[in-house]
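Novice: Just passing along the structure, written as structure tokens.
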Amino acid sequence: MDQNANQKKRFFKDELESSIETTLTDKSSFLFEPQVDAIQEENANDPEEQIAQGTQESPFIEQLRAVLPTIRLEVALALEEKYRDIDDGLDLAISEYFDQYQTGNDDAPPSSLELQHSQEVLTVPDNEEKDTDLQLVSVKRKREDDFMQSSQSKKPQRANSSWKKFVGSLQVTVMVTRPTMRPVPYGTPLIFKRSNNNVPLKKIYEQLNKKKTGLAAFVKIYSANDEREIGRVPEDIARIVFPLLHRNEVHFKLTMIYPGDKRLSIGDNIIIQMDSFLTSTLFNRKENPTFSTQNGNGRERFGAIVETEQELEERNIRMGLIMLFDKIKLRPVKDEAKFLEKLKQDGDDNEIVDLEDDESFGNFLSQEPLNDELPTQHQEDTMNINQLTSFYKATQSSKQLNSLIPTTPPPELVKVELRKYQKQGLTWMLRREGISIGHDNEDKSEDDTTLLNPLWRQFQWPRNMSWHNQSTGSENDNSNPKLIFFYGNLHTGEFSLERPTMNSFKNGGILSDEMGLGKTISALSLVLMRPKDEHTTSQSLFHQESSNLSSDDVIEIKEPERSYAYKTTLIIVPMSLLTQWRDEFDKVNNNAGLTCELYYGGNVSSLKSLLIKRKNPPTVVLTTYGIVQNEWTKLSKDGTNIRSLGRTSGIFSIEFFRIILDEGHTIRNKSTITSKAVLELSSKYRWILTGTPIINRLDDLYSLVKFLKLEPWSQIGYWKQFITNPFEERNFKQAFDVVNAIMEPVLLRRTKQMKDTDGNPLVQLPPKEIVIEKLQLSKKQKLIYEEFLQRAEKTFRSGLQSGDLLKKYSTILVHILRLRQVCCDSNLIGTLDENDEDLSSGNNKLITESVDVKTLIPDTEEEEDEVPPFENDELDKLIESVEAKFIDSNQLIPVECSICTAEPIESSSAVVTECEHVFCKECLEEYGNFQKEKSLQQKCPNCRRDINLNRCLAFEKGSDGILKLIHFDRKERPAKLNALIRHLQQLQDSSAGEQVVVFSQFSSYLDILESQLNEVYSSNKLKVYKFDGRLSLKERTAVLEDFKVKDYAVQKVLLLSLKAGGVGLNLTCASYAFMMDPWWSPSMEDQAIDRIHRIGQTNSVKVIRFVIDGSIEEKMLRIQDRKRTLGEAMDTDEDERRKRRIEEIQMLFES
């Protein structure tokens, strides 16, 4: 007993020390009899007991136990007897152990996972009697046998496959784990085996995620002939193979390639060829009840969603297929026609991918995908507007556009002549409503019933390059040799041999032509070509005989949910465009029987009566987003149910024949009342007109998709799963692939740069010149600017040093806003910028905080001139003399400025010196400043007498229209105002009656400009119009109509807010524009300029942008240039947008 006590223990648990009780007696031994009949027989002749009583283990057995600590003693003795006298006997013994005694997995060396499982099963309390140890071993074996049987019974049966088809080959390096007594020849067939089937799948992947184990431990290579283990594959291959071995959906054929002429030892590397085949089982999953292609939601556990075992398996099968396709370079086909043409020219040239050829494989990975191919792997890049180019290109390929045969509307319907691309667009729009144009060679490629479902990818069956086919020249895959393509949905794991097409959608779309290409004319042409539903008549709606209807039909007609206005198209537009659309309708329509009605301002008491009860209802009803929103809000407050909308009389009581949304991106934010209201409107056909379907976020498209009722994408769950979530996870390519596939059939976009079939631009526009004019701040502006700049830099540096720049975000933006305002006019300080989302909420008190500009100017500032102004009697005497000399019949007599020689001088800009000589104000001030810089006394240019600008007179027209003289107030005008006045004067001199548009993002600045221009110019020389969001519809209409009328005697200037001017206005009557201040986004300014430079413009367009030299405006231009080069960022969320804005702010404060 003492000897036993000193013997080295072989187990970590005391209770296991005497638990191995088996016998080794000829045919009753474990080698020949797997089932032990009686524990008592084991105890009687237990070799373990014999060793415990005094026999020492041999060195061979000790070495064997060191490698295989759980090997049974009788097995170890038998292996010792067989191999102890042979060279490499230990390696051969280990190999035979795994070949012969591991088949039932009873004695296999447990992985870390099995050890944990075994320890749990074998753990017993310390106070258990020792005679239970023997029972424990037998019980443990029985449990393992039962577990194996039950797990085998639970596994789904491997479905029989009727055929398999080759998809690709890999050459894989395998590490040898078992030695061989003889070489494994070249061409020897090998097989995969999944070991440790008794370990739960979930536990395997949990350990894999924790990086405690790899799947390579569970995937082994065996000889196909004698099922002898050879080695293990690399981890990346194991991750592909492990989930796919469980089912007969993917078949692998393995062949020994190298070395083939020598015995293998543990640790050697060999090369095998892995040929991959897809089987018929993969394409018949719907017939296999054990597999679900639906994305389950898992089971709920304590309120959380837990992935089921089956869902885990299906997910990893999908991942295995994706990784396999990547490895074998099986890429989706993007353009089937182009691919087939290329295939015909080049033939099929598949290759075997050698994963060990680092150089060739590295070159493959670095290759750019072909134009007709898309890599399966998701590429993550910075998301910007440049990536939107691919989105737009998907809808504007030359092949697609050129295939559209022009449709010319009859002249009795459409008064104007459409351009060729507009006629092609009309063809496309009619097709989108399911109307056959009747062309003999009509291209049916646009039919979305043949378009591939966007969740699916098309793959080509490659030529069979398997080892068996290359060696025998026989395919032998029992598949249809005529098959060229197969289709896979890598999101759900479904595969099909038939093309999965989209559900037929023929009820509208998105016309997304670039601004200025005439979307309005195109839409109205569609309305005039097809003004009503041809398949519906008033008689069929209201006077059908009940005998011809089923009972269900009669009930449906008796109580309709909404009345069908089958002759009316509803067009919803921004308020500023309401009258413009009405004018365009009158301009285009040549059929007196088709009319247009405005639905605005309560002019229609009952829209339902107008559209349903009248024999000839209006063809078009024009209304605004505001009217739709107001009606919806009222119905919501009244508690009106959607089902009972038919009982109301407004816009929601009707199902329209067609609804058209102009500037459709207005509904992009699905949470706004406007968007919710528009989505509740009812119609048979739905159209969206927008030049910018995406503005800030990819989700901008969702409301458009929901309005168009594109199923299943209009369901928020689908949209989030396949677009929003990948986008937020920065899988931009995946999100855009799906979006492109969704939008391609329903969106048409043309740009001004595109060319027609003859190589000419779609539209010939006159040239456009944009000039940046840099100005210097006035002295007063400069003092104020420097003060605000110091404050802004102090706040920025403080936030940068403390690391809380985002916390000071709003404060910094206010400082920047004030700097921009000072560059325009210091009187702007304290007003809002309605275009800035971060400052337009009105919650920021810093914006509206009053600032006394006078306190910012140093007290030490000396008066420019110490000469006192006039005394009262002096002023009166001078006024009396000048009036008699220069005013006749309430007009300033013609007089020439001797400085600039301009004649006559405008009374509003004339200044009279004390010596009674008249000059232009700008000329005299410039002359005075020059004299002062030279430290010379200011003298009259005419008589050379000493003069002082503080002692001069100016002309002013009172409210009664009488011209009078007043003391000249020599306050300094802001730099931009002076520059604008100078350019307007030059235009008056060179181009009489020229109409001018002045843009600014500050509505308050427009007020200042209006006041200042009216002070400088008389009404008979210059007329100022102002157009911003504060005007009513009537006022807007009057402003635009009056401005568009050319008057050669009066110069017309339209002051336009950037926000109002960026939407739909047609201002081709003007050819000059001035941008008074820059904005962060260059696209917003481009939209405004396109109001002038668009179809209908006959003159060259010149745009002058005023920028203060060396100011924050100059740096804003650099940000604009950067955005034009790199693309404007699209943000995933609010935080992302703020971070990008902070980057821009940092650029502003860079030296």
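Positions of Cβ are set from backbone N, Cα and C atoms, glycine also.
In case it's useful when we look at the structure, here is the feature table from Swiss-Prot:
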- D513, E514, M515, G516, L517, G518, K519, T520: ATP binding site (BINDING)
- 39-49: compositional bias 'Acidic residues' (COMPBIAS)
- 148-161: compositional bias 'Polar residues' (COMPBIAS)
- 500-711: domain 'Helicase ATP-binding' (DOMAIN)
- 979-1146: domain 'Helicase C-terminal' (DOMAIN)
- 35-54: region 'Disordered' (REGION)
- 142-161: region 'Disordered' (REGION)
- 662-665: motif 'DEGH box' (MOTIF)
- 897-944: zinc finger (ZN_FING)
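Mind mapping these onto the model and telling me what they sit next to?
Specialist: In three-state terms derived from DSSP, G516 (ATP binding site) belongs to neither a helical nor a strand segment and is classed as coil. Around G516 (ATP binding site), the same-chain residues six or more apart in sequence whose CB sits under 8 Å from its CB are K752, V763, L765, D1090, H1093, R1094, I1095, listed in sequence order.
Model confidence over the domain 'Helicase ATP-binding' (500-711) is summarised by a mean pLDDT of 82.
Among residues of the same chain six or more beyond the motif 'DEGH box' (662-665), those with a C-beta under 8 A of the stretch's C-beta atoms are 510, 519-520, 523, 571-574, 577, 581, 688-690, 692-693, 695, 700, 704, 707, 1063-1064.
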Novice: Compute the centroid of the Cβ atoms of D513, E514, M515, G516, L517, G518, K519, T520, then list the same-chain residues not in that set whose Cβ lies within 8 Å of it, in sequence order, for the ATP site.
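Specialist: The surrounding set, listed in chain order, is G691, R1094, I1095.
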Novice: Starting from the Cβ of T520 (ATP binding site), draw a 10 Å sphere and report how many other Cβ atoms land inside it.
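Specialist: Around the Cβ of T520 (ATP binding site), 22 other Cβ atoms lie within 10 Å.
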Novice: Fewest neighbouring Cβ atoms within 10 Å: which of the binding-site residues M515, L517?
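Specialist: Least crowded of the binding-site residues M515, L517, by Cβ count within 10 Å, is M515.
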Novice: Per DSSP, what is the residue count of the motif 'DEGH box' (662-665) in each of helix, strand and coil?
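Specialist: Across the motif 'DEGH box' (662-665), DSSP assigns the residues as follows: 2 helix, 1 strand, 1 coil.
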Novice: Within the zinc finger (897-944), how many residues are helix, strand or coil going by DSSP?
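Specialist: Here the numbers are 16 helix, 7 strand, 25 coil.
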Novice: Let me spell it out: for each of the binding-site residues (D513, E514), count the other Cβ atoms within 10 Å of that residue's Cβ, using every protein chain shown. Which one has the most?
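Specialist: Counting Cβ neighbours within 10 Å, the top one is D513.
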